[in-house]
Amino acid sequence: MLVVGGLYSICSFAAGIAGNLFAFVLFVSPIPTFRRIIRSKSTEQFSGLPYIYALLNCLICLWYGTPIVSPGIILVFTVNSIGAVFQLVYITIFIIHAEGSKKLTMLGLVLGVFAVFAAIVVISVYLFEPVSRQTFVGYLSVISLICMFASPLFIINLVIKTKSVEYMPFYLSLATFLMSLSFFGYGMFKNDPFISVPNGIGGVLGVIQLVLYFRYSNSGEEPRAPLLDSYA
């Protein structure tokens, strides 16, 4: 039994580490966009909203992974901590180079994100007991992750309409699939549906993206940077 338990723990840890590594690929994917913003000293037509959404998602999932909410799933905490740092860096660069009205809007949205996160922390700590606290924050994290699926769904719809993978780089689709698959496995090992269910959905979307890529990749067009960046 000890051997089986040890093997189970190793597999769980390996799945979580793999999920962290594949998520890192997604976190660094917007770097070329922000290099362009820095070089041109302008946000041009780029939107900062995906990074606002991603920051809120990372903060909620980070909180879910903390020991005070969900003991034993520290790798959920680590991946979303790293993700939150990346989103803050991207948002800071965006705000620095944005024009006046867009700058103020982004600042207001960032403050709103931290206000919402602070409210979630206070409510979950002071109004809920440990078991119900995990359920409360777990449902919020699932809702947040499902909302983030708007990005891959948008890209999938675009690929089907245009019959082109121009805005769906293969490595991002593969990383999304592998990250979702890894965290689905991690959630299954931890017997945590708040991790396994949304990442299972993400895995299905990843498969659809890969199938569409191979279906339409012979169009002769080079994939561009994605229109929206997704972080699960």
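Along the chain as shown, residues are numbered 1 onward.
Cβ coordinates are placed from backbone N, Cα and C, and glycine is handled just like the others.
TrEMBL annotations:
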- 6-28: transmembrane segment (TRANSMEM)
- 49-66: transmembrane segment (TRANSMEM)
- 72-95: transmembrane segment (TRANSMEM)
- 107-127: transmembrane segment (TRANSMEM)
- 139-160: transmembrane segment (TRANSMEM)
- 167-189: transmembrane segment (TRANSMEM)
- 195-214: transmembrane segment (TRANSMEM)
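Of the recorded ranges 6-28, 72-95, 167-189, the transmembrane segment (49-66) has the largest number of C-beta contacts under 8 angstroms with 72-95. Same-chain residues lying 6 or more positions outside the transmembrane segment (72-95) and placing a CB less than 8 Å from one of its CB atoms are 13, 16-17, 19-20, 23-24, 27-28, 30, 34, 37-38, 43, 46, 48, 51-52, 54-55, 58-59, 61-62, 64-66, 103, 106-107, 110, 183, 186, 190, 192, 195, 231. The list of residues near the transmembrane segment (195-214) in space but at least 6 beyond its ends in sequence, with Cβ under 8 angstroms from a Cβ of it, reads 73, 76, 141-142, 145-146, 149, 152-153, 155-156, 159-160, 165, 168, 170, 173-174, 176-181, 183-184, 186-188, 232.
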